[in-house]
Amino acid sequence: MEKYVYLFHEGNGDKKELLGGKGANLAEMTRIGLPVPYGFTISTQACNAYYDSGKKIPALVEAQALEALSRLEEKMGKRLGDAQNPLLVSVRSGSVFSMPGMMDTVLNLGMNDETVVGMAKLTNNPRFAYDSYRRFIQMFSNVVLDIDTYYFEQFLEEVREHKGYSSDPEMSAEDWQEVIVGYKSIVKKHTRKEFPQDPKEQLFLAINAVFDSWNNQRAIVYRRLNKIPDHLGTAVNIQSMVFGNMGNDSGTGVAFTRNPSTGEHVLYGEYLINAQGEDVVAGIRTPQPIATLKDEMPEVYQQFTETCKRLEQHYQEMQDIEFTVERGKLFILQTRNGKRTAQAAIRIAVEMVAEGIIDKKTALLRVDPDQLNQLLHRRIDDKYQRTLLAKGLPASPGAATGQVVFDADEAEQLGNEGKKVILVRPETTPDDIHGIVASQAILTSRGGMTSHAAVVARGMGKACICGCEPLKIDLKAKQFTVGETVVKYRETITIDGSTGEIMLGEIPMIDPELSDEFQLLLAWADQERKIGVRANADNPEDAQKAFDFGAGGIGLCRTEHMFMDLKRIPIVQKMILAENYAERMEALDELLPMQQGDFEGIFEAMQGHPVTIRLLDPPLHEFLPDKEELLVEVTKLQILNPGSTELKEKELLLKKVRQLDEFNPMLGHRGCRLGMIFPEIYDMQAKAIFYAAAKLADKGMEVKPEIMIPLVGHVNELKEMRQLVVDAGVRIQEETGKQFDYTVGTMIEIPRAALTADQIAEEADFFSFGTNDLTQTTFGYSRDDAEGKFLQAYIEHKVLPDNPFAVLDQDGVGKLVEMGVKLGRGTKPTLKTGICGEHGGEKSSIDFCYRTGLDYVSCSPYRVPLARLAAAQATIRHENKEEVYTTA
Ligand code: PEP
Ligand code: MG
């Protein structure tokens, strides 16, 4: 018989797939003897069975849940629905991967008109009992009966106003009873039924609702963003309630065993006295920092710090712990690995090695390379004298400038139009997730460091400030005020999420530097990794940046980018428009010293490391004016100024632009096809490289140019272009009297090149896989159009798992890469291989490159640290695995 329901003592921490993260951790904590309120977990398999039976709880699941409930009742000595001694439970979702706030929770389940009386007697606290009942009605109605919380909030507000109270603590037991009557009539009005009184009916309705919440809109969006598979399903945890709202000797809170923002090894968290469950996370009241618990409840604090230490040692990971204190007794409700910023992830990993908790390899695997982006972003210039508008809690580090918006939909719309926006809200809820994604940063006037906004922003690496109370937000008027200052919709502000500071306008930012811990972690990565990391850089400044970030060479210098300079474009146009060889040579002679200067700068920056220079690639029309615009200008001149020299010049230009116009420029006269037809262009470039090499050789500096021929599809193209380069080399060595080493290789970026790599390798010293074009030509998707047209829909509808221009398609494009490497090395075992498409800076693609036996990956300078870490992770992950195809 299939087992669907597990009492806490029947599970353990390894059963995440079955029990969900929360359920497995509750079981594990029970196993190691921590004070966890007892309960049971309905498995993720039951969730799938629920969907398989057309959204009905299967009889077997129901029977097992009832059986577990009896065991729970026995253990607690209380019964669900018992008027004298009622058991109350929480019903919470819990999927395999944590999805904070995305699915539903019901607390205080089991309350009804009878049990509330029993609770009032038992606790000798009628006020508490009726408050709990009304909370339950509100939450249950929202989550299970789908009635908007707004109706309840509004009603409560009216009662409070009528009685002249300003806050909830002023409400008496009788007042809450009055609210309950009102709440029940709201339920009746919306559902045409009475509020369910039978606790078992309540329980199964709640279980249904939790299963359903697996497929609510925000959970679906969250899964898509975080690549969590839809088929996993959620478990449901049913746990006996403990109450943090039983008076001033009770409370509830969350804490991290280390600071999740900076990584500092201090207990970090917050709590609310006399509050329940979700109050802290919901960010509705601003909580107290955990340190003050030491004075308020010294014994509980002592027990809590010991428990935190124990949990961290047990899991060997920083923990995020939810706790409740009921009348001075501590309960642990949940523990999980804490989400953290990149800065914190690095510091925690490095310090845990120093503390002997984990080893270096584990530390390297602990930091997600994608997160490192956060640290490689710009921040506010230290020299800037800040004028603060206001200060809130520094909830997620980084600085951002943007226009103020007050609504998630608007943030999404403006963000999609390419505007930089900052979402400003009193607090955020999981329904705002799409707006958060589209914003540069988040700013809230309420809520603490563990509020929804803070947790989500940290996860996404976005700057965030929370609990900025001086900010008075008027959502209707679309503005906020701080004292006298009014900031209106779409005015620009800058926020610093590391300090909590808010400033008006745009503020100067500076480039990032790597912290000591980051450098140390990367040094460990370099010791481990068995695949090189280079950078794509086209000018000396980028090359310097790449070198500073630890690149072991340049894997791609796109020489056409060197021509894009405003001063150079007219000369390039002259080269393109030349009517004959002599005219073209004149332009090329002007370009040569410019290119040479750039090459010298790049060689110098790279201090003897290899530099792969690719000869000119792009379609020539990219350097010429737009055809349509030119046509308009010519037509205007024909009417207004016929016979003018300007008209003649423009007509000539138009003629040439038309000649060069192609239906499909990406498959047109680009890459080596250009060099084949106009060899003098490649000849000029080869000479510029060699003159630069000769000059540096003269200064005693080492240079390693690797000259790369783009878009080769047939070995004969490479043969011819290689000869051209070699001839230029001989000439320049003779002319300068200097010797220098160089190699000639090719990009593999056309399927035919991969398919005939054995032939191409005869003429190549190295291969560099241009996976941008290889993806374009393998899929037959235009890389200029696909992402803006159909690709997004393909990804949303799961036709494709990822954007293949960002994440290498290992099954298709990857096969061509594997074939290229194998065939190429079959001909030439010493053939050097690398990748220089965008994929060279993406972690799963780097893992593939390592497994395929490439010698290096190459990516943009800012991604070099990420690639060094991802390369180390790939090496560690596949250590001792046979599938790794290694070079000789
Ligand atoms: C490639 O095609 O992968 C490549 C690196 O070249 P480019 O992006 O310049 O076409
Ligand atoms: Mg290319």
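We number each residue from 1, going along the chain as drawn.
Any Cβ shown, glycine's included, is placed from N, Cα and C.
Listed in TrEMBL for this protein:
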ACT_SITE  Cys836  active site, proton donor
BINDING   Arg558, Arg614, Glu749, Gly770, Thr771, Asn772, Asp773  substrate binding site
BINDING   Glu749, Asp773  Mg(2+) binding site
DOMAIN    17-63  domain 'Pyruvate phosphate dikinase AMP/ATP-binding'
DOMAIN    66-298  domain 'Pyruvate phosphate dikinase AMP/ATP-binding'
DOMAIN    302-353  domain 'Pyruvate phosphate dikinase AMP/ATP-binding'
DOMAIN    419-500  domain 'PEP-utilising enzyme mobile'
DOMAIN    517-874  domain 'PEP-utilising enzyme C-terminal'
### Query
Given the binding-site residues Thr771, Asn772, which one is most crowded in terms of C-beta atoms within 10 angstroms?
Thr771
### Query
Do any residues at least six apart in sequence from Cys836 (active site, proton donor), in the same chain, have a Cβ closer than 8 Å to its Cβ, and if so which, in order?
Arg534, Asn536, Gly555, Leu556, Thr612, Met747, Ser768, Phe769, Gly770, Thr771, Ser858
#### Entry: Considering the domain 'PEP-utilising enzyme C-terminal' (517-874), which listed stretch of 17-63, 66-298, 302-353, 419-500 counts the most C-beta pairs under 8 Å
302-353
### Summary
binding-site residues Arg558, Arg614, Asn772: those with Cβ under 6 Å from an atom of ligand 1 are Arg558, Asn772
#### Entry: Distance-selected recorded positions near ligand 2 (C-beta under 6 Å), from Arg558, Asn772, Cys836
Asn772
### Task
Sort Glu749 (substrate binding site) into helix, strand or coil using the DSSP assignment.
coil
#### Entry: Max CA-CA distance, Å, over listed substrate-binding residues Arg558, Arg614, Glu749, Gly770, Thr771, Asn772, Asp773
15
### Query
Out of Glu749, Asp773, which has the highest number of nearby Cβ atoms, where nearby means within 10 Å of its Cβ, if these are the binding-site residues?
Glu749
### Summary
If you count the other CB atoms within 10 A of the CB of Arg614 (substrate binding site), including all protein chains displayed, you should get 27
### Task
Summarise the model's confidence over the domain 'Pyruvate phosphate dikinase AMP/ATP-binding' (302-353) as a mean pLDDT value.
93
### Query
In the domain 'Pyruvate phosphate dikinase AMP/ATP-binding' (302-353), how many residues does DSSP call helix, how many strand, and how many coil?
26 helix, 17 strand, 9 coil
### Shell list (substrate; ref centroid = CB of Arg558, Arg614, Glu749, Gly770, Thr771, Asn772, Asp773; cutoff 8 A)
Leu556, Asp617, Pro710, Leu711, Met747, Ser768, Phe769, Leu774, Cys836, Gly837
### Message
Taking DSSP as the reference, which of helix, strand or coil describes Thr771 (substrate binding site)?
### Response
helix
### Query
Where does Arg614 (substrate binding site) sit by DSSP, helix, strand or coil?
strand
### Message
So if I draw a 10 Å sphere around the Cβ of Gly770 (substrate binding site), how many other Cβ atoms end up inside it?
### Response
26
